[in-house]
Structures are given as C-alpha cells and as structure tokens.
Amino acid sequence: MRAPLCLLLLLAHAVDMLALYRRKKQAGTGLGGNCTGCVICSEENGCSTCQQRLFLFIRREGIRQYGKCVHDCPLGFFGIRGQEANRCKKCGATCESCFSQDFCIRCKRRFHLYKGKCLPSCPPGTLTHQSTRECQEECEPSPWGSWSPCIHNGKTCGSGWGLETRVREAGPAKQEETASCRVLSESRKCPIKRLCPGERNPRQKNRKDRRQRKDRKLERRPHQRGSQ
C-alpha cells in the first residue's frame with residue numbers, strides 16, 4: 001500500500017512543479033502571467049485592467065493577445081488617457097514614433113518628416129536633413145543688425161531703464177528659392193541716458209528738495225528764538 005501511495009504523491013508533486021515552471025516561464029518571456037501593475041489579470045491573456053496612471057499595452061501574436069501595464073508606451077505607440085482606462089495606441093503606418101495619431105516625431109525609412117507628417121519626399125522650398133530625415137526650410141540667417149535706441153514707454157528720453165532691440169533676417173539660401181523665412185529679433189535692458197526737455201534728474205531733484213527743507217528749518221530757528 002505504501003509504494004503506490006508514495007508514487008501517487010510524487011506524481012502529484014511533479015504535476016504541481018511543472019505547472020509552476022510554466023507560469024514562471026510565461027512571466028519571464030513577457031507573455032501571459034506578467035501581472036505587474038495590474039488590477040485584473042489572467043495567466044493566459046495577461047492584464048486587462050491597469051492601476052491608475054499606467055497604460056495598458058496589448059501585444060498581439062497571431063490570434064492571441066497579451067496585456068501588459070507600462071509607465072510609457074513602447075516605440076511605435078503613443079499613450080491615450082481616458083476616464084475609464086489609459087491605453088497604448090499604434091502610430092500611423094509611416095511613423096516610427098509619434099506624439100499622437102496625427103503628429104509624428106520620427107518617420108520610417110524612405111519617408112521624410114515635415115510638420116508632424118511623414119511624406120514620401122520633402123515639399124518645394126525645403127531640404128532633407130541627412131541624419132534625421134526632417135524637411136527644413138532653406139533659410140540662412142543674416143548677421144545681427146545694430147541695436148536700436150534705448151526706448152521706454154515709446155520715448156528715447158527720460159530716466160531709469162528701457163529696452164533696445166536688434167533684428168536679423170533669415171533669407172533663402174538660394175535667391176531663386178521662394179521658401180518662407182522669418183525675421184529674428186532679440187531685446188535687452190538698457191539705461192536711459194538722456195533726459196526729456198524740461199525734466200530734471202531724480203538725484204538732482206532729491207538733492208534740491210533736501211536743500212530746500214534744510215533752508216526752511218534754518219529760517220524757522222531765529223523766529224522761534226525771538227518768540228521766546
């Protein structure tokens with residue numbers, strides 16, 4: 001009796017160990033059974049509901065699919081946050097990575113990136129950047145111009161501080177091209193060095209006011225002594 005019973009116990013233990021090994025193998029390969037960050041999870045299909053702030057990424061292999069909860073969606077997918085769930089959605093067919101369904105960040109081979117779109121070729125007036133395959137406008141900035149007069153409240157005179165500005169134009173690299181190029185400008189703080197007509201320097205005005213107050217005090221003293 002003991003021999004068949006021991007054999008039966010060993011067989012049951014072997015079955016349990018085999019099932020445990022399969023579960024560990026599935027979790028290690030990223031297929032079903034990886035329930036990290038899940039609210040609802042199954043060994044066969046993985047996660048179906050994720051914890052808050054995580055994205056549900058569903059990977060399909062043939063007719064089977066496996067869910068996984070991730071902090072960031074993998075390359076070729078972008079995250080969509082919703083009231084019920086956050087999901088990873090696949091980018092467009094020509095996008096390698098994207099910010100949304102309508103805005104690509106990097107295109108697949110043989111496509112060129114222009115204003116978030118992946119195009120077969122760059123539009124007229126643009127050139128392809130060799131490393132990024134981005135379409136860039138053919139503009140070369142000219143040297144900076146001279147600084148403008150220092151202006152405060154629309155005036156070039158006064159006291160205190162104002163702003164001075166300089167500009168440079170970004171013209172087409174080739175004169176025959178008609179790319180739309182922008183004007184660049186920058187401003188910086190500057191001191192107003194010239195007083196407006198009829199205006200006194202605040203420092204001189206303060207000194208004059210102090211002198212007048214001092215003179216009035218001196219005038220009062222003899223009057224006060226005489227009244228005593």
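Yeah, the Cβs are placed from backbone N, Cα and C, and that goes for glycine too.
Some features that Swiss-Prot has for this protein:
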- Cys35-Cys41: disulfide bond (DISULFID)
- Cys38-Cys47: disulfide bond (DISULFID)
- Cys50-Cys69: disulfide bond (DISULFID)
- Cys73-Cys88: disulfide bond (DISULFID)
- Cys91-Cys98: disulfide bond (DISULFID)
- Cys95-Cys104: disulfide bond (DISULFID)
- Cys107-Cys118: disulfide bond (DISULFID)
- Cys122-Cys135: disulfide bond (DISULFID)
- Cys139-Cys181: disulfide bond (DISULFID)
- Cys150-Cys157: disulfide bond (DISULFID)
- Cys190-Cys196: disulfide bond (DISULFID)
- 138-197: domain 'TSP type-1' (DOMAIN)
- Asn34: N-linked glycosylation site (CARBOHYD)
- 85-128: repeat 'FU' (REPEAT)
- 1-19: signal peptide (SIGNAL)
Close approaches to the repeat 'FU' (85-128) from elsewhere in its chain (Cβ under 8 angstroms; 6 or more beyond its ends): 49-50, 53-58, 70, 73-79, 134-138, 177-180
Cα-to-Cα gap, Cys35 (disulfide bond) vs Cys47 (disulfide bond), nearest whole Å: 6
Chain-internal residues near Cys118 (disulfide bond), provided their CB is under 8 angstroms and they sit 6+ positions away: Gly92, Thr94, Cys95, Cys104, Cys107, Lys108, Phe111, His112
Densest Cβ neighbourhood among Cys35, Cys88, Cys95, Cys190 (disulfide-bonded residues), 10 Å radius: Cys95
C-beta crowding around Cys196 (disulfide bond), within 10 angstroms: 12
Of Cys50, Cys98, Cys122, Cys157, i.e. the disulfide-bonded residues, those within 10 Å of Cys196 (disulfide bond) when Cα atoms are compared: Cys157
The repeat 'FU' (85-128): DSSP-derived helix, strand, coil residue counts: 0 helix, 25 strand, 19 coil
Local backbone state of Cys157 (disulfide bond), from DSSP in three classes: coil
Rounded Cα-Cα span from Cys69 (disulfide bond) to Cys157 (disulfide bond), Å: 64
Cβ neighbours of Cys69 (disulfide bond) where a neighbour is any other Cβ within 10 Å: 23
Cys73 (disulfide bond), number of other Cβ atoms within 10 Å: 21
Largest tally of Cβ atoms lying within 10 Å of a Cβ, found at which of the disulfide-bonded residues Cys38, Cys47: Cys47
